[in-house]
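Q: Straight from TrEMBL, here's the annotation block:
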TRANSMEM  21-40  transmembrane segment
DOMAIN    23-448  domain 'Major facilitator superfamily (MFS) profile'
TRANSMEM  63-84  transmembrane segment
TRANSMEM  91-110  transmembrane segment
TRANSMEM  116-137  transmembrane segment
TRANSMEM  181-202  transmembrane segment
REGION    228-248  region 'Disordered'
TRANSMEM  266-291  transmembrane segment
TRANSMEM  303-325  transmembrane segment
TRANSMEM  332-353  transmembrane segment
TRANSMEM  359-378  transmembrane segment
TRANSMEM  390-412  transmembrane segment
TRANSMEM  424-448  transmembrane segment
REGION    453-542  region 'Disordered'
COMPBIAS  468-478  compositional bias 'Acidic residues'
COMPBIAS  503-513  compositional bias 'Basic and acidic residues'
Amino acid sequence: MGRPDPEEGQLPAPVKPPDGGWGWIVLLGCFVITGFSYAFPKAVSVYFKELMKDFHVGYSDTAWISSIMLAMLYGTGPVCSIMVNQFGCRPVMLIGGLLASAGMILASFTTNIIELYLTAGVLTGLGMALNFQPSLIMLGTYFDKRRPLANGLAAAGSPVFLSSLSPLGQVLLEKFGWRGGFLIMGGLLLNCCTCGAVMRPLDMGMKRKMGKAQDKYEAKEMLPIGGKSEEGISTTDGTKKGKKAKKKPKKGKKLLDFSIFSNRGFIIYTISKFILVLGLFVPPILLVNYAKDTGVPDTEAAFLLSIIGFIDIFARPACGMVAGLKWVRPHVAYLFSFSMLFNGLTDICSARASNYTGLVIFCVFFGISYGMVGALQFEVLMAIVGSQKFSSAIGLVLLIEAFAVLIGPPSAGRLVDALKNYEVIFYLAGSEVVLSALFLGVASYCCLNRGKKEPPPEHNPPAGGGSDTEEAESDVQEAEEHSSDNHQPARSTDNAVVVANEEANHVAEEQRGEGGGCPAGDGEVLARDGCNADQMVERDSF
C-alpha cells in the first residue's frame, strides 16, 4: 500500500526513541538546564538582605525578583513552544543561554530595584525559559521506556545546583558583594549555551533510506520484467523529485496545538498544578530569611537550602525509578497526588519550628516530598498528552502556572511584612498544596476511571462487515494517494492493459468470423477474467 509523503502535508513519522546512546548526553544537558532554571530563582534569595539595604525596599519588593524569574520561566511557555516548533530546540537554547547570562551581567550595574526587575527578572528569566522547555522536549524525544528514570535524573539537577549555588552565593556575597556575585553568576549561565549545543535532533536519515528502499521495492513489484524494472525505478524516482519540487505542503505542523484542551486528564492536571504552584515555592524562598530572623547565623541559614538540595538529589532519581515500575507507571498520577499531599502536610506540621534543629527536620522531609513532586510533574504530563503534543502542552501549562507564580511568593512576602509572622505563611502554603493533591486524586478517580469503566458502546456488525468497509475506504484513499505519486508507471501499466484487451477482442472477433463464436458463458468468463486481471494489475501497481 502507498506511504503518506511528509512533503505533501503529512507529519513525518516519529523516530523511535533510542532510550540511550546520545540520549545520555542530552540527559546531562537537561540536568544542567533544570538545575539553573529551578535553583537559580531560589539561590538569588541569598542576596535579598543586601538588596534591601542598598535600595531601601521591603522584603516583598525583593521577593519580586524571584517571582519575575519564575513567571518568565512559566509565562513564556507558549512563546517557547512556537519557537521550538518553528526553529528547533538547539537554536532556541543557544539564544536563551546568551539572554540569561546577559541579564545577570547587566543586573550587576543596576541602580534601582526597577532596573533589577528588568534585567535579573525579565531578561534572565526569559533566557532560562528558552533553555528549560526545549531541554524537556528533547528528553522526551530520546527516551520512552526509560523516560520516568530519565525525568527523575534530569530533575535531580535542581537540588544539586540548589545545594551548590546557595553556599556559592553566600561566599560571593561576602567577598565581592552582591554586584560581583551577580557578575560571576552571569558567567556561569553561559554554560547553558554548551548544553544547547549538544541537543542534537534525532537523525531522519534512516527513515529516508528505508522509504527509498520501499519505493524501489514497489517499483520492482509493479514492473517485474528485468529491463523495464530499472526504467520503472528511475521513473518513480524522477516523479518523486518533480513532485517534491512542484507541490507545496498542504498542511504543516501546528505551532501551538489547542486541541489538548479536549483531554479531560490535561484539564485536571492543569487545575491541580495551578493550585500547587500557589504554595509550592513559598517555603524555600522564605526559609533563609525566616532562619535569619530566628537568630540563625547567615552561613547556617544558607546551609538549610543545601540540606533540602542534598535530600532532593536522591529523592528524585529514586522516585523516577519507582514510577518506572510496570505496576506503578499506569497509576503515576496517583503517586504524584501522594507526593503533593506529603509536601503540603510537611509545610503544615513544620509551621511552628522555632529553632535550628526543627528547621533541619523540616528541610529533610521537605526535600523528600519536593523531590517526588519534581520527578513526577512532567512525567505525568507526558503520560497524559503523549510526546507528539508535549511541546504545546507544556507551553500552555507553564503559561497558566505563571499566574500562580505571580500570586504566591509576592503575596506571602507582603503578608510577612504585614504580620511579621512566618507561621501563618507556612499554614497557608501547606493548605494550598494539600488542596491540589486532593483535587488531582479525586478528580482522576471520579472522571478518568469512570470514563474507562463505561466506554461508549461499539457497533459490532455480523461477519465484520463494518470493518471491511472501513478497510476498503482506507485502501481506496491510500491507492489514490499512491497512484498520484507514481502516475507515470501506472499510465504505462494501464496502456499495457488496454493493448492486452484489444488483442483479446481481436481474437474473439476472429473466432466469431470463423463461425463458431463462443457461448455467452465463455464471454462472461472472459469478461470476468479480464476484470480480475485488471484488478490484479492495479493491486500490484498500488
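Just so you know, glycine gets a Cβ as well, placed from its N, Cα and C.
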Q: Near the transmembrane segment (63-84), which same-chain residues lie under 8 Å Cβ to Cβ, leaving out any that are not at least 6 residues past its ends?
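A: Sequence-distant neighbours of the transmembrane segment (63-84): 37, 40-42, 44-45, 48, 51, 92, 116-117, 120-122, 124-126, 128-130, 132-134, 137, 255-256, 277, 281, 285, 391-392, 394-399, 401-403, 405-406, 408-410, 412-413.
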Q: Tell me whether the transmembrane segment (390-412) sits in contact with the transmembrane segment (116-137), defined here as at least 3 Cβ pairs under 8 Å among residues 6 or more apart in sequence.
A: yes
Q: Can you tell me which of 21-40, 91-110, 116-137, 332-353, 359-378 gets the most C-beta pairs within less than 8 Å of the transmembrane segment (266-291)?
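A: Highest pair count goes to 359-378.
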Q: Which bits of the chain, at least 6 residues beyond where the transmembrane segment (91-110) starts or stops, bring a Cβ under 8 A of a Cβ in it?
A: 33, 36, 80, 83-84, 116, 119-120, 122-131, 134-135, 179-180, 182-183, 185-187, 189-197, 199
Q: Who are the chain neighbours of the transmembrane segment (303-325) in space, where the CB to CB distance is under 8 Å and they lie at least 6 residues beyond its ends?
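A: Same-chain contacts beyond the ends: 39, 42-43, 146-153, 155-156, 158-164, 166-167, 284, 287-288, 291, 332, 335, 339, 359-360, 363-364, 366-372, 374-376, 379.
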Q: Look over the recorded stretches 21-40, 181-202, 332-353, 359-378 and say which has the most C-beta pairs under 8 A to the transmembrane segment (116-137).
A: 21-40
Q: In the same chain, which residue numbers or ranges, 6 or more beyond the ends of the transmembrane segment (359-378), come under 8 angstroms Cβ to Cβ?
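A: Same-chain contacts beyond the flanks: 38, 136, 151-152, 155-156, 158-159, 273, 276, 280, 283-284, 287, 290-291, 294, 296, 304-305, 307-320, 323, 332, 335-336, 338-340, 342-343, 346-347, 350, 353, 394.
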Q: Give residue numbers and ranges for long-range contacts of the transmembrane segment (21-40): same chain, 6 or more residues beyond its ends, CB-CB under 8 A.
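A: For the transmembrane segment (21-40), the far contacts come to 69, 73, 93, 100, 124, 128-129, 131-132, 135-136, 138-139, 142-143, 150, 153-162, 165-166, 185, 189, 191-192, 194-196, 198-200, 309, 374.
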Q: Taking the domain 'Major facilitator superfamily (MFS) profile' (23-448) alone, what is its mean pLDDT?
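A: Average per-residue pLDDT within the domain 'Major facilitator superfamily (MFS) profile' (23-448): 82.
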